[in-house]
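Taken straight from Swiss-Prot:
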- Asp339: active site, proton acceptor (ACT_SITE)
- Glu101, Arg153, Thr198, Gly214, Ala215, Thr274, Lys366, Asn425, Trp426, Val575: pyrroloquinoline quinone binding site (BINDING)
- Glu216, Asn294, Asp339: Ca(2+) binding site (BINDING)
- Cys635, Cys638, His639, Met678: heme c binding site (BINDING)
- Cys147-Cys148: disulfide bond (DISULFID)
- 619-708: domain 'Cytochrome c' (DOMAIN)
- 1-31: signal peptide (SIGNAL)
Amino acid sequence: MERLIDNSHGWPGRMVWLLAACLGSAAAFAQTGPAAQAAAAVQRVDGDFIRANAARTPDWPTIGVDYAETRYSRLDQINAANVKDLGLAWSYNLESTRGVEATPVVVDGIMYVSASWSVVHAIDTRTGNRIWTYDPQIDRSTGFKGCCDVVNRGVALWKGKVYVGAWDGRLIALDAATGKEVWHQNTFEGQKGSLTITGAPRVFKGKVIIGKRGAEYGVRGYITAYDAETGERKWRWFSVPGDPSKPFEDESMKRAARTWDPSGKWWEAGGGGTMWDSMTFDAELNTMYVGTGNGSPWSHKVRSPKGGDNLYLASIVALDPDTGKYKWHYQETPGDNWDYTSTQPMILADIKIAGKPRKVILHAPKNGFFFVLDRTNGKFISAKNFVPVNWASGYDKHGKPIGIAAARDGSKPQDAVPGPYGAHNWHPMSFNPQTGLVYLPAQNVPVNLMDDKKWEFNQAGPGKPQSGTGWNTAKFFNAEPPKSKPFGRLLAWDPVAQKAAWSVEHVSPWNGGTLTTAGNVVFQGTADGRLVAYHAATGEKLWEAPTGTGVVAAPSTYMVDGRQYVSVAVGWGGVYGLAARATERQGPGTVYTFVVAGKARMPEFVAQRTGQLLQGVKYDPAKVEAGTMLYVANCVFCHGVPGVDRGGNIPNLGYMDASYIENLPNFVFKGPAMVRGMPDFTGKLSGDDVESLKAFIQGTADAIRPKP
């Protein structure tokens, strides 16, 4: 029987207590057979196809199934009565060991899905066989440039091409039949800082639109639109203003600058607001919507000492998809101070409120409130917290948060509830118009924060979280244990009544996104390695299957040759999954596809047993304190606290064989693990620093070792 790992203390809480290429090398490997079918299938995908498909959803042509990103399928061959009869049709090895966050897209039985390191796979869903694989050959030593694992949330399809945003900033167009590159653009050209792409591109009206992430690293947010056929850049919109001594790009930036205090010189640290995930499109209104990210640095007092809302951080922004021109915005967290991004997936829906039909945006960002907005004009309709929060008591009738002053007092340790991991992170939610419910992966990951009053941009320092790898948060993660408790749950949320209809508790935070169907079913993967089906109206568990590793992505469903299939890409990871896990099953990234009466055998699961605590490494006890500070600045977010965390998709150093720690310089300086994402600390750490790290690692293991 598999033993689940206890997450009752919350990984980040324990962490602080004890204390992230070139075109010529890209490669596609294609097989013959279904390639011609793939070409014909994707050639049909355009705006008309996507809108027509939304009426019946036989295919899953975009990551959210439709432009509204409802993740609702009208298929009902699999339903609440027969979902118990699902069996495996096939499984496909993605050959990855890091996080997999993509939703598979499927047209005419051809699946396209991305895995870690931006690798793209084309799969024949009739057999589960590979058609082709494209590897953009990302420099694996650049994993440190992103906070939250080397993940990719999926691809876009349009008129015979597959588009992927690569980790290193390339937007790449591939031939859907062969996987060969058609064109690429460097979306980071002319920009500064540690920039990465993890989000899926969207294609609206023949333009491929992509953002980037990196607000922890001192960058300025923007999204860019490129011609889907040629790759020509069409427009770019920035989410925060630049240096006010220079001309602003447009009127929206001029207005935004009035909400920032220039004494904070926010532009030197970028200001943040990166748009790294959610985008939707209303063709009738000719409007696209995008969620913006957190401030850079995180601390509001550091970035804008005299206050101000700091537009357009933590906002939903409406843009003209033809020109990128700003239309309106609604800011969900004015003066963001806690990494409360609004990049989380949004849904466009038409619902009745007070008896009247309304065109709305449904959104549950990191800050813990569920928002209903009028998508025609951005007007606030309602907001209600869906988890406990301590930064605001609610929102007034004008849509302004009623703040709690103590939550902004960065002079002393404060529990952030929710914390920077969010009450809801990137894990997609879904909306079922039959039940009227939104199926939302909710969570809490305890974190205790305090402002770093001595913060300076790009100045690494002992004890400053991940500053040695480029973080610029101006916050400390404190040693004081958070009072709040971790949890993960599936919420069925009524957006009209603004209350939960039902909920299911999970063993850990960081569970997968959801899919709901006309068959009255909700599917969700879990951190402890299961794909589960629930009754959409009641939450009753109807079926589950083991997945060999934790699930963070959302499933998709589609019809092929008259049969409905459900597919999910699994691979434990993301920022929480780097150092923690909820199951000892740690299999490779895999696509599982299920069908009624499926008879395929499940692949063998790999048990990653926690080893023995490190012992026998000689160290100087006087170096433990210095090693602690160096570890926090360079190692902790990937490796966790030695011997306390169990390791996620990156090993915990407190359970390594002593020979690894004794020879730590061989791994820290241009070591063999660079090909798996380990940074090179040459020039950043000294030999004496490494001795201090060894002292902290072995010293911590010794301190927590049970006494005989």
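The backbone N, Cα and C atoms fix where each Cβ goes, and this holds for glycine too.
Checking each of the binding-site residues Asn294, Cys635, Cys638, His639 against Ala215 (pyrroloquinoline quinone binding site) by C-alpha distance, the shortest gap belongs to Asn294.
You'll find the Cα of Asn294 (Ca(2+) binding site) roughly 5 Å from the Cα of the residue listed as 'active site, proton acceptor'.
Here heme c is bound by Cys635, Cys638, His639, Met678 per the record. The longest Cα to Cα distance in that group is 11 Å. Within the set of binding-site residues Cys635, Cys638, His639, the entry lying nearest in space to Lys366 (pyrroloquinoline quinone binding site) is Cys638 (CA atoms). The CA atom of the residue listed as 'active site, proton acceptor' is located 13 Å away from the CA atom of Cys148 (disulfide bond). Looking at Thr198 (pyrroloquinoline quinone binding site) and Met678 (heme c binding site), their Cα atoms lie 18 Å from each other.
In this structure, the recorded positions under consideration are Cys148, Ala215, and the one with the smallest number of other Cβ atoms within 10 Å of its Cβ is Cys148. Candidates Glu101, Cys147, Cys148, Trp426 (recorded positions) were compared with His639 (heme c binding site); none lies inside 10 Å Cα-Cα. Other C-beta atoms found within 10 angstroms of the C-beta of Trp426 (pyrroloquinoline quinone binding site) number 26, with every protein chain shown included.
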